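Features as listed in TrEMBL:
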DOMAIN    15-93  domain 'Prepilin peptidase A24 N-terminal'
DOMAIN    107-209  domain 'Prepilin type IV endopeptidase peptidase'
TRANSMEM  6-26  transmembrane segment
TRANSMEM  76-94  transmembrane segment
TRANSMEM  100-118  transmembrane segment
TRANSMEM  149-169  transmembrane segment
TRANSMEM  181-205  transmembrane segment
TRANSMEM  225-247  transmembrane segment
């Protein structure tokens, strides 16, 4: 019971953190400071939001998904980002591999959730997030690493290198995806970043093919790949080592 109480505290904390990630994503895309102005405002009418309008998820539900002042719709990405952050990070804390390793994992997924939100909004994975993210994760990995440090440096090279090759293919990956997978390689190591790429493609195919067959997606219409990278990375993080061991026993 005590563990569930602690996880409930984490859930609430991560809901508010998800609200901040929404602000970070939106302001990065709009070219404004994350910290100034300090209070959030309606992007439609500019009204500064009051404390009662800033309760993660609940405020969106109470307001019916509309601004209290101008009644313009509030993007569904706000509650989605808050709930996804709370669910995913609580799962990471619950199943993490130790206090400091879990800290690295939380930072990695915070960055990944943020760029997923920017990708859903504008089909863009900004350098303003991935490049500083690389520095932060690298510094963390210098002090926290369950494997030799070269495993993570090789992950950086493998993750970025493979995506760079795919970026050279017409209609392949974008430059933002290349930097993101380099970042993921630093956090996960070379084995798990390979599996993250594989699972990302599996998730993308599982969603994209039915959409194309149903006519909801035009033949050359691009869809944001960020959500599939998030799902693929989570799958690799949770089950990658078991999949790797199974593959070695089966084929090697």
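Along the chain as shown, the residues are counted starting at 1.
Each Cβ is built from the backbone N, Cα and C atoms, and glycine gets one as well.
Caution: TrEMBL annotation is automatic and unverified by curators.
Long-range Cβ contacts of the transmembrane segment (6-26) within its own chain (Cβ-Cβ under 8 Å, at least 6 residues beyond either end) map to 34, 40, 43, 54, 56-57, 77-78, 81-86, 89-90, 93-94, 110, 113-115, 117-118, 121, 129. If you take every residue in the domain 'Prepilin peptidase A24 N-terminal' (15-93) and average the pLDDT, you get 89.
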